[in-house]
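Peer 1: Submitted below is the structure of interest, expressed as structure tokens.
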Amino acid sequence: MKITIFGSGYVGLVTGACLADVGHDVLCMDVDQSKIDRLKNGQIPIYEPGLDAIVRHTVEAGRLSFTTDTAAAVKHGQLQFIAVGTPPDEDGSADLQYVTAVAKSIGEHMDEYKVVVDKSTVPVGTADKVRAAVRAQLDHRGLELDFDVVSNPEFLKEGAAIGDFMKPDRIVVGTDSDKATELLREVYYPFNRSHDRMIFMDVRSAELTKYAANAMLATKISFMNEVANLAERLGADIEAVRRGIGSDPRIGYHFIYPGCGYGGSCFPKDVQALARTASGCDYDAKLLQAVEAVNYAQKHVLFDKISHYFQGDLKGKVVALWGLAFKPNTDDMREASARTLMEDLWKAGAVVQAFDPEAMEETQRIYGDQDGLTLCGTKEQALKGADVLAICTEWKEFRSPDFDMVSSALREPAVFDGRNLYEPEMLERYGLVYYAIGRGRNQFHSA
């Protein structure tokens with residue numbers, strides 16, 4: 001089937017590549033000429049394991065192509081996927097200007113039946129706005145063309161997006177059109193063979209499902225961070241608590257790992273947007289507000305521990321930082337906890353020597369002019385001349401370092417771990433004092 005994807009960012013590129021990989025004829029459209037030129041030359045603008053190989057293969061096979069030509073993009077696909085960004089507006093609500101711009105373009109150029117598929121994460125009611133935008137352009141052209149607008153939210157985890165798309169837990173489709181239902185079943189048939197993963201519902205319910213899923217996961221994280229902070233004050237070990245509650249099948253082990261806060265392009269934005277949606281219909285979403293507030297505070301926890309260790313005097317201190325991306329297996333630094341920690345340290349007069357396996361280029365782009373930052377080629381180089389070590393991202397290569405080397409390289413024998421990678425007893429054997437999240441021993445809390 002011929003498919004058009006508007007937007008060649010994270011969601012659009014993964015969606016387009018995976019659909020092309022199973023045989024569909026996919027054209028990705030983006031207004032960014034330089035991005036399209038890079039993609040045509042095989043340069044992937046994001047780091048996602050396995051994506052570059054699929055893009056290269058499908059481009060060579062002629063099933064995946066890229067363009068900046070809007071008219072050609074609309075003409076190409078019977079299905080028009082909208083996968084553009086929906087950044088937070090000043091009040092936290094989702095900014096739909098790029099979504100509605102695509103809808104207008106589709107209405108300006110379509111000359112036959114199309115299915116417009118909202119893949120972007122959008123608030124409830126967006127499909128109505130997309131439908132109105134397309135219809136307005138058709139009316140302006142004096143055309144009576146049939147079309148459908150469908151909600152088909154993505155559930156991709158950065159760092160595992162290819163597997164998520166190829167072997168989905170569920171494929172949510174919001175539509176009241178039998179014709180659109182038939183076409184979406186055909187599109188997703190290769191991913192839906194072993195058992196029926198497709199869940200059909202009305203459009204508004206599909207739009208809410210995406211926000212509800214992310215808000216639920218963010219809630220679990222903030223809840224565990226709240227309990228971890230309590231564990232520190234009670235002398236309990238959150239890792240023991242985590243195992244104790246996770247063994248209950250009603251709770252499970254997923255998303256109950258405490259840490260220095262969640263980040264990325266989805267959870268912070270979507271929790272905030274859902275809370276603003278609630279306020280827009282006169283509902284005070286207290287739980288969502290609390291989830292957001294807890295996460296904001298949690299991102300400052302590592303700095304508080306480091307500041308307490310140095311009795312509030314961080315001027316001239318050198319902090320080695322392992323991990324800059326908001327999570328492993330990505331180079332995405334949006335809302336990353338490492339950014340909060342670095343900015344807190346700089347305000348206090350400290351300097352940072354940082355390393356990340358994939359996010360160095362992105363860090364340079366964001367903080368290239370920051371005098372208090374040195375980007376290091378290895379995690380070992382980041383330790384040289386550092387006073388203490390902080391960890392913000394749980395990359396695999398950080399799990400079993402040479403602790404003798406860590407101990408000898410640091411001026412102070414202190415490790416501040418925002419992801420609870422180690423056991424306190426293990427580090428004690430190497431003469432290191434371990435400050436983690438909610439581990440009770442060797443912890444402190446502010447008055």
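First residue shown is number 1, and so on along the chain.
Backbone N, Cα and C atoms are what each Cβ position is placed from, and that goes for glycine too.
What TrEMBL says about a protein is an automatic prediction, not a curated fact.
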Peer 1: Write down the one residue from Lys104, Lys114, Lys129, Lys210 that TrEMBL lists together with Phe155, Leu156, Lys157, Glu158, Phe255, Ile256, Tyr257, Pro258, Gly259, Gly263, Lys327 as binding substrate.
Peer 2: Lys210
Peer 1: For the NAD(+) site that TrEMBL lists with Asp30, Lys35, Thr86, Thr121, Glu158, Lys269, give the additional residue from the candidates Arg204, Arg334, Arg339, Arg365.
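Peer 2: So, going by the record in TrEMBL, that would be Arg334.
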Peer 1: Write down the Cα-Cα distance for Cys266 (active site, nucleophile) and Lys35 (NAD(+) binding site), rounded and given in Å.
Peer 2: 22
Peer 1: May I ask for the distance between Thr86 (NAD(+) binding site) and Cys266 (active site, nucleophile), taken between their Cα atoms and rounded to an integer number of Å?
Peer 2: 10
Peer 1: Show me the subset of Asp30, Thr121, Glu158, Cys266, Lys269, Arg334 whose Cα is within 10 Å of Pro258 (substrate binding site); these are the recorded positions I mean.
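Peer 2: So far as Cα distances go, none of the recorded positions lies within 10 Å of Pro258 (substrate binding site).
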Peer 1: What is the nearest of the recorded positions Asp30, Thr121, Cys266, Arg334 to Lys157 (substrate binding site), using the Cα of each?
Peer 2: Cys266
Peer 1: Name the residue among the binding-site residues Lys35, Lys157, Lys210, Lys269, Arg334 whose Cβ has the smallest number of other Cβ atoms within 10 Å.
Peer 2: Lys157
Peer 1: What's the CA to CA span in angstrom from Phe155 (substrate binding site) over to Arg334 (NAD(+) binding site)?
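Peer 2: Approximately 18 Å lies between the Cα of Phe155 (substrate binding site) and that of Arg334 (NAD(+) binding site).
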Peer 1: If you measure from the C-alpha of Arg334 (NAD(+) binding site), which of the recorded positions Lys210, Ile256, Gly263, Cys266 fall inside 10 Å?
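Peer 2: Final answer, ordered: Gly263, Cys266.
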